[in-house]
Amino acid sequence: MASMSNIASLFLVLSLLSLLSFSAKAQLSANFYDETCPNLQAIVRSAMAQAVSNEPRMAASVLRLFFHDCFVNGCDGSILLDDSPTFTGEKNAFPNKKSARGFEVIDAIKSSVEASCEATVSCADILALASRDGVIKLGGPKWTVALGRRDATSASQSTANNDLPAPSSSLSTLISKFAAKGLNARDMTALSGAHTIGQAQCQFFRPHIYNDNNTDPSFATLRQGNCPRSGGDTNLAPLDLHSPNRFGSEYYKNLLGYQGLLHSDQELFSNGTQDGLVWQYSQNRDLFFSDFAAAMIKLGAITPLTGSDGEIRLNCRKVNS
Ligand code: HEM
Ligand SMILES: *[C@@H]1O[C@H](CO)[C@@H](O)[C@H](O)[C@H]1NC(C)=O
Ligand SMILES: *[C@@H]1O[C@H](CO)[C@@H](O)[C@H](O)[C@H]1NC(C)=O
């Protein structure tokens, strides 16, 4: 009898332990590297400050990398992997090809981090921190980045093609692509405010400025000036007409004036369900900032690899050999 109840309680303890280790495994935490890499945050912050002072757009490019990382099998650094003769990564998926940029900055930060904390910090976490620091550098909101992500040993070009939204997406497609990642319509509208910074190529906004009827005519004419009907595919225009290097709520003001650059941008204010929220964000920068920060935390928590899953990549461009 005694031994039976001992076995029963042992079983209970074991199952409690496995429950605990399971939940600990899935959890990211702000102090994950406090003991193992105490200078991590300072290293990333100063490297991003340098990169953004060299080229303000870099804050935007790195932020977009993080979005494109997290939407494809979670925030696992998969977008950072180079293609090779034996490996197909995500860099040549349609949403990334000749468009995703900032990889050299992530490499440089990774080198500095490795010099202080060898084989300790994931590329996925570096990308999460660098994105946040770039936003702050251009005047955006601050938030605490939860850490402890590990790096993928695989990538998926087809998932990148299927899961990332396209600039031609309708409002209902945008809402459903974000919903598939656990982000609601409000998160989607707040995160789209990332287009308060950075640039887009003519090939992505051409259909909107020539074919759509929900554009301010003088804005469409202005943008057509450097984006002909054919040719000039890579010519750039700022996503936010007025202040592409300052993170603020101007993006939403532009939408109210039908001056969104991408079809997908203007979809958020075109007699649809997000019109009211766009109007609120345009009037209330603090509301936009707090919703953006909250949504970035949700974006950063999409199915990370944790515990002993994945690896700590030594070079962000390739899996460890
Ligand atoms: C809602 C759906 C979205 C669509 C359809 C979309 C699409 C695009 C496109 C087509 C570009 C221009 C790329 C190029 O010309 O090379 C772009 C740029 C950018 N996107 Fe998005 N995006 C979306 C959401 C987001 C989100 C959620 C974020 C981040 C939280 C983001 C951050 C950026 C940034 C910062 C840029 C400028 C990048 C640079 O200047 O290098 N986007 N996006
Ligand atoms: C604008 O285009 C949309 C769809 O392309 C159409 O449903 C709508 O009626 C058009 N509006 C005007 C004012 O022409
Ligand atoms: C939105 O609705 C208003 C009022 O009905 C209409 O004048 C306008 O053309 C609509 N805009 C779009 C983009 O469909």
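Here the Cβ of each residue, glycine as well, is placed from N, Cα and C on the backbone.
Caution: TrEMBL annotation is automatic and unverified by curators.
Because the structure is a prediction, the values reported are computed rather than measured.
Feature annotation from TrEMBL assigns Ca(2+) 1 binding site to Asp69, Val72, Gly74, Asp76, Ser78, Glu90. Under a cutoff of 8 A between CB atoms, and with a sequence separation of 6+ in the same chain, the neighbours of Ser78 (Ca(2+) 1 binding site) are Asp69, Val72, Gly89, Glu90, Ala152, Ser154, Ala155, Ser156.
Remark: Pro165 (substrate binding site) has Thr173, Leu174, Lys177, Phe178, Ser264 as non-local neighbours, by Cβ distance under 8 Å and separation of at least 6 in sequence. Positions annotated as substrate binding site by TrEMBL: Pro165.
According to its DSSP assignment, His195 (heme b binding site) is helical. Every protein chain considered, the tally of other Cβ atoms within 10 Å of the Cβ of His195 (heme b binding site) stands at 25. Residues annotated as heme b binding site in TrEMBL: His195.
Among the features that TrEMBL reports, Ca(2+) 2 binding site is placed at Thr196, Asp240. Secondary structure at Asp240 (Ca(2+) 2 binding site), as computed by DSSP, is coil. Here the Cβ of Asp240 (Ca(2+) 2 binding site) has 27 other Cβ atoms within 10 Å, regardless of which shown protein chain they belong to.
Residues or ranges marked as disulfide bond in TrEMBL: Cys37-Cys117 (among others). Long-range Cβ proximity for Cys117 (disulfide bond), meaning a same-chain Cβ under 8 A and a gap of 6 or more residues, is found for Tyr33, Thr36, Cys37, Asn39, Leu40.
The disulfide bond annotation in TrEMBL covers Cys70-Cys75 (among others). For the recorded site, Cys70 (disulfide bond), the DSSP three-state label reads helix.
When secondary structure is read from DSSP and collapsed to three states, Cys316 (disulfide bond) falls in the coil class. The Cβ of Cys316 (disulfide bond) lies under 8 Å from the Cβ of Gly77, Leu80, Leu81, Phe103, Ile106, Asp107, Lys110, Cys123, Ile126, Asp151, each of which sits 6+ residues away along the same chain. Residues annotated as disulfide bond in TrEMBL: Cys123-Cys316 (among others).
Around the Cβ of Cys202 (disulfide bond), 19 further Cβ atoms fall within 10 Å across all displayed protein chains. TrEMBL lists Cys202-Cys227 (among others) with the feature disulfide bond.
Annotation source TrEMBL lists signal peptide at 1-26.
Within the same chain, residues at least six positions away from Arg64 (site 'Transition state stabilizer') with a Cβ under 8 Å of its Cβ are Ala100, Gly102, Ala194, Gly198. The site 'Transition state stabilizer' feature in TrEMBL is assigned to Arg64.
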When neighbour density is defined as the number of other C-beta atoms within 10 angstroms of a residue's C-beta, which of the binding-site residues Asp69, Asp76, Glu90 has the lowest density? Glu90
For the C-alpha pair, I'd like the distance in angstrom between Thr196 (Ca(2+) 2 binding site) and Cys227 (disulfide bond), rounded off. 20
Cα nearest His195 (heme b binding site) among recorded positions (Cys70, Cys202, Asp240) -> Asp240
Long-range Cβ environment of Cys70 (disulfide bond), under 8 Å and at least 6 residues apart: Lys181, Leu299, Gly300, Ile302
Can you go through the recorded positions Cys37, Arg64, Cys123, Pro165, Cys316 and pick out those with a C-beta less than 6 angstroms from ligand 1? Arg64, Pro165
Taking the Cβ of Gly74 (Ca(2+) 1 binding site) as reference, which residues of that chain separated by at least 6 in sequence fall under 8 Å from it? Ile302, Thr303, Pro304, Leu305
